[in-house]
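Noted in Swiss-Prot for the protein shown:
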type	residues	note
COILED	46-84	coiled coil
COILED	151-181	coiled coil
COILED	234-257	coiled coil
COILED	290-317	coiled coil
COILED	461-489	coiled coil
COMPBIAS	474-494	compositional bias 'Basic and acidic residues'
COMPBIAS	531-542	compositional bias 'Polar residues'
COMPBIAS	543-553	compositional bias 'Basic and acidic residues'
MOD_RES	Ser503	phosphoserine
MOD_RES	Thr526	phosphothreonine
MOD_RES	Ser532	phosphoserine
MOD_RES	Ser540	phosphoserine
MOD_RES	Thr543	phosphothreonine
MOD_RES	Thr552	phosphothreonine
MOD_RES	Ser573	phosphoserine
MOD_RES	Ser576	phosphoserine
MOD_RES	Ser586	phosphoserine
REGION	474-587	region 'Disordered'
SITE	Ala409	site 'Microtubule binding'
SITE	Ala420	site 'Microtubule binding'
Amino acid sequence: MAVTDTESPHLGEITCGTLLEKLQEIWDEVGESDDERDKLLLQIEQECLDVYKRKVEQAAKSRAELLQTLSDANAELSSLTMSLGDKSLVGIPDKSSGTIKEQLAAIAPALEQLWQQKEERVREFSDVQSQIQKICGDIAGGLSNEVPIVDESDLSLKKLDDFQSQLQELQKEKSDRLRKVLEFVSTVHDLCAVLGLDFLSTVTEVHPSLDEDTSVQSKSISNETLSRLAKTVLTLKDDKKQRLQKLQELATQLIDLWNLMDTPDEERELFDHVTCNISSSVDEVTVPGALARDLIEQAEVEVDRLDQLKASRMKEIAFKKQSELEEIYARAHVEVNPESARERIMSLIDSGNVEPTELLADMDSQISKAKEEAFSRKDILDRVEKWMSACEEESWLEDYNRDQNRYSASRGAHLNLKRAEKARILVSKIPAMVDTLVAKTRAWEEEHSMSFAYDGVPLLAMLDEYGMLRQEREEEKRRLREQKKVQEQPHVEQESAFSTRPSPARPVSAKKTVGPRANNGGANGTHNRRLSLNANQNGSRSTAKEAGRRETLNRPAAPTNYVAISKEEAASSPVSGAADHQVPASP
């Protein structure tokens, strides 16, 4: 138990004295001799001396290392201050005061700050030198991939300012060169546009970087590029001058030929792009394509063509004027005989009994009169078109009203319903349209002392016939409604007598059309026919035209709701004013 107690002393009470006392107690218990005890004590003392000695050596070594570190720091500090310049010496502490660690602690922040300044200064020098090297390469026309070497022995602000001044001069030179390049490129673009040349291929032949996709700062500014651009501009200007001279010569020839053959303005306008520059200077021609090669070739071809057509030009002019006259009459729905008119022109020109100028003047007079007549007919023709459109809607409305499924929920039914509402409103205006049309037509006939014909058919006769046929149609519809009531009466009586429920044999819809409308026949066998206002059918019913009238004249389609009648019926029917035959519009 005693040994255990000696091996477990309280750690907090261990000192050299307690350990020595403990050792004495152990020796006493063991019975060590005094010699042995002295020997062990000497051994302990020697070991303590060795420990102290090692600690002293370690401390001396650490001091030497600190001194070396301090020396290196001072040397580095001196090197940095010399490299960065005198202005960087501000804030450096006194190196000879305080302990070694204090001196190191004082130098470390300044040294770190100087290192940061050096790194920043190196980056600035590298950036400036890289820009200088790049601009010099751009001017020389070569690309250099070498990284600039920064002389770290001299990083002073003075040297940095020198580099920056050099960079500013180079940047100014680059800006001037870039401005010249852009001016040249813009000039080339304008010249290529006027000459009809491919701008992209032209500038890329000078240098690939001059295309529109390359950024401005990436365009070549080398001496060679500027020289080639200047030569290109000079070449294009010479080409522009030569082409303008050629075009002006052709324009003069064209004008002479036009004046000789009295070419109309419409044909001359086709070559306005040629004649517009007849008195322009080189600098005044700026319209894109104005001097294109194909345009000059086109003018040359036209001059050659006009030279060859001098003899036969008068016939062409006369026929063009005749076509213009026929077009005016066609738009005004006035029937003419173009074949006989053209034969007359041919005979007059071939006979040589009339001067070409007199013939053209006479045709111009006819054209003027035709325009006046067309203008006087315009109001009535516009109303005829509205009337025909209303009749078309009336025909559609009748077909719509006969449709048993018009109120179903099918796709597009609501659109037809809206159209039907608009059609009913429009159809209700037909009587007023006819009244106004009749009044204006009669006033026109009184003023001009002639019948107003629409594609050869007297308009009043058309309106009278329309009113009569509309009245007949209303009477037929009224008769069909009465017949329908008579046919449905037995079914109603049977249902009221036997049952209130609908019979399986009862018609599904009360709106079903019964009678001749359903089978395109009348109640008494009368055939329900359509009247068309085209040339063929008008010829069969018009009292103002011959039976063999021409059937090839193009006219607008007639309303599809007319009921056609034969010549004999039309001839035997009394003809009166349209107002006498107007009836209310169908619902």
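Including glycine, each Cβ sits where the backbone N, Cα and C put it.
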Problem - Highest-contact recorded stretch vs the coiled coil (46-84), from 151-181, 234-257, 290-317, 461-489, CB pairs under 8 Å - result: 151-181
Handout entry: Sequence-remote partners of the coiled coil (234-257) [C-beta within less than 8 Å, at least six residues beyond its ends]
Key = 187-188, 191-192, 194-195, 197, 202, 263, 271, 274-275, 277-280, 282, 285, 291, 293, 295-296, 299-300, 302-303, 306-307, 310
Fill in the blank from the handout: In the same chain, residues at least 6 away from the ends of the coiled coil (290-317) whose Cβ sits under 8 Å of its Cβ atoms read 194-196, 240, 243-244, 246-247, 250-251, 253-254, 257-258, 260-264, 271, 273-274, 277, 345-346, 349, 356, 359-360
Handout entry: Ala409 (site 'Microtubule binding'): secondary structure state under DSSP, collapsed to three categories
Key = coil
Completion exercise
Under a three-state DSSP reduction, the secondary structure at Ala420 (site 'Microtubule binding') is helix
Fill in the blank from the handout: The mean pLDDT across the coiled coil (290-317) is 83
